[in-house]
Amino acid sequence: MSDKSDLKAELERKKQRLAQIREEKKRKEEERKKKEADMQQKKEPVQDDSDLDRKRRETEALLQSIGISPEPPLVQPLHFLTWDTCYFHYLVPTPMSPSSKSVSTPSEAGSQDSGDLGPLTRTLQWDTDPSVLQLQSDSELGRRLHKLGVSKVTQVDFLPREVVSYSKETQTPLATHQSEEDEEDEEMVESKVGQDSELENQDKKQEVKEAPPRELTEEEKQQILHSEEFLIFFDRTIRVIERALAEDSDIFFDYSGRELEEKDGDVQAGANLSFNRQFYDEHWSKHRVVTCMDWSLQYPELMVASYNNNEDAPHEPDGVALVWNMKFKKTTPEYVFHCQSSVMSVCFARFHPNLVVGGTYSGQIVLWDNRSHRRTPVQRTPLSAAAHTHPVYCVNVVGTQNAHNLITVSTDGKMCSWSLDMLSTPQESMELVYNKSKPVAVTGMAFPTGDVNNFVVGSEEGTVYTACRHGSKAGIGEVFEGHQGPVTGINCHMAVGPIDFSHLFVTSSFDWTVKLWTTKHNKPLYSFEDNADYVYDVMWSPVHPALFACVDGMGRLDLWNLNNDTEVPTASVAIEGASALNRVRWAQAGKEVAVGDSEGRIWVYDVGELAVPHNDEWTRFARTLVEIRANRADSEEEGTVELSA
């Protein structure tokens, strides 16, 4: 309240001062008009004055109008002033002249009023010396006045700063030719403008200097280190740094769905296999067996491999899946996934480039997502009677982009169809039973190219079956007998060309053989018996119609080109250490083949020109099949004759 009362009092004082100023101004105006009227009466009209006298009277009248008396003596005549001839007068002390007359200006009188002492009036005193100006205050008559002195001013010229502006209008030059002097002037102006702009930029940079970052407390550091954003950032960054340390190529490649560039590098000519590289991690691969492998369709340089448990490390997870990268030379996996049961089968989820599916020894189906920074599965199936309760050796995603399912088969003969969006319960389930009483212990499964309904399976008894998912003949169909031991690998023909060979498939077994089959006949077309140990896996080339690869327990990789020879492999190589090779997988382009051994190592070989099909490979392979059928028919006839004899 005291502040408001003080403010009101201050406003009242200001209003009183304004009223006093107005009254003083009005009084002085009336006095001036009265003096003008008196002087007009005293003056006598002169008719024949000269122009000089007339101008003098006008000047005196003008001086009177502003409150200055014209009675002091005339000042010196005016001269043309320039900067060189300009002088300033300063105040010097002089004695007060009692005869001098004073006139106060209204503006000064009003501006000098202050406080409660009333208006303070300043007056101008004209001395007999016209170059001296005396200033006197009515309240300070005893003070000494100041005398004006002469001081010369030094002139300094500064060029005005040129402002250059541009517009988007069409500018047409007025003159097509300029003199050399004009051009030099323009260049000088441009250089000055450029220097000015550079100086301004430097000044701005100096002004915009960032303040030094403050030191984080220990609590803030721990909070950042354990935040989810930091973990995601760190997980991706360490992969980039590893690439940078091991590579000189584009380490910032992002897997965003772009087309794969053809792999650059030296391709070995001829039929010899050339070792490319080895994948092995001292922590995750040691003392583990490679149980399955798969190449990514979306990113052909990525390969996933599954491993069983490490008996020497009981505290480590039993099941491990590692994603390896062929594009970079780093020795660590791109992603590490694990679960609490040995992973017996694994594959990339087709149409879902970020998902990896695994089948475990316990019967669970697990799903990993590389977008999550977690290494454990993001989804898993329940261990219940509705799902699998036996080891799952077969996982496969079949269908199209808009309609696809995950097909899994366990060793108890149960086949389930799943949606990748929900693994809590299968969409369909079927018991693979032969003769409605004998469950099929499935060890391998394969779908023909372009078929999602019919498939073939291999069993522990050595028998091969055809099966169907839907229709009146759903379940086990035909029986193919020929192997004398468990079927370890089965694969359908994959190369697409002018002739359809999708009815062909090959199998491998513990009986040391690889057999060629057709779904049109329940007996093998041919048996390849060049191995001296268990044959653990077999796979057709994805691009060559007559080429397939197989691996055995002696660490040998064989490539068979049936157009060249059916008795011995076209190319063969034994890995270092002679460890048993468990799995073989072709890359999508058919130029590399990867094999996994019992020591947890993955070996990648370049196939070279052997894998490149010629235009006549399909017709040659068709003739080869005709010859194989003819030889089989002859052998069957000979066997029949011998039995009858």
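The backbone N, Cα and C atoms fix where each Cβ goes, and this holds for glycine too.
Quick caveat, the model's predicted, so the values are computed rather than measured.
In terms of DSSP helix, strand and coil, the region 'Disordered' (1-58) has 49 helix, 0 strand, 9 coil. Feature annotation from Swiss-Prot assigns region 'Disordered' to 1-58 (among others).
The region 'Interaction with DCTN1' annotation in Swiss-Prot covers 2-123. Mean pLDDT for the region 'Interaction with DCTN1' (2-123) in the predicted structure: 64.
Feature annotation from Swiss-Prot assigns phosphoserine to SER50 (among others).
The region 'Disordered' feature in Swiss-Prot is assigned to 96-125 (among others).
If you look up Swiss-Prot, you'll see 96-107 marked as compositional bias 'Low complexity'.
Summarising the annotation, Swiss-Prot assigns phosphoserine to SER100 (among others) and lists similarity to another entry as the type of evidence.
The phosphoserine feature in Swiss-Prot is assigned to SER107 (among others); the stated evidence is similarity to another entry.
Feature annotation from Swiss-Prot assigns phosphoserine to SER111 (among others); the stated evidence is similarity to another entry.
Among the features that Swiss-Prot reports, phosphoserine is placed at SER114 (among others).
The region 'Interaction with DYNLT1' annotation in Swiss-Prot covers 147-163.
According to Swiss-Prot, the feature region 'Disordered' maps to 169-221 (among others).
Under the heading phosphoserine, Swiss-Prot lists SER179 (among others), citing similarity to another entry as support.
Taken from Swiss-Prot, the feature phosphoserine covers SER197 (among others), and the record attributes it to similarity to another entry.
Annotation comment: Swiss-Prot describes 285-334 as repeat 'WD 1'.
Look at Swiss-Prot and you will find 338-378 tagged as repeat 'WD 2'. Within the chain, the repeat 'WD 2' (338-378) has long-range Cβ neighbours (under 8 A, six or more residues past its boundaries) at 228, 231-232, 235, 255, 257, 291-299, 302, 304-309, 317-321, 323, 387-401, 404, 406, 408, 410, 416, 418, 420, 423.
As annotated by Swiss-Prot, repeat 'WD 6' applies to 530-570.
Counting residues per DSSP class in helix, strand and coil order gives 0 helix, 18 strand, 23 coil for the repeat 'WD 6' (530-570). Around the Cβ of SER635 (phosphoserine), a 10 Å sphere holds 10 further Cβ atoms from the protein chains shown.
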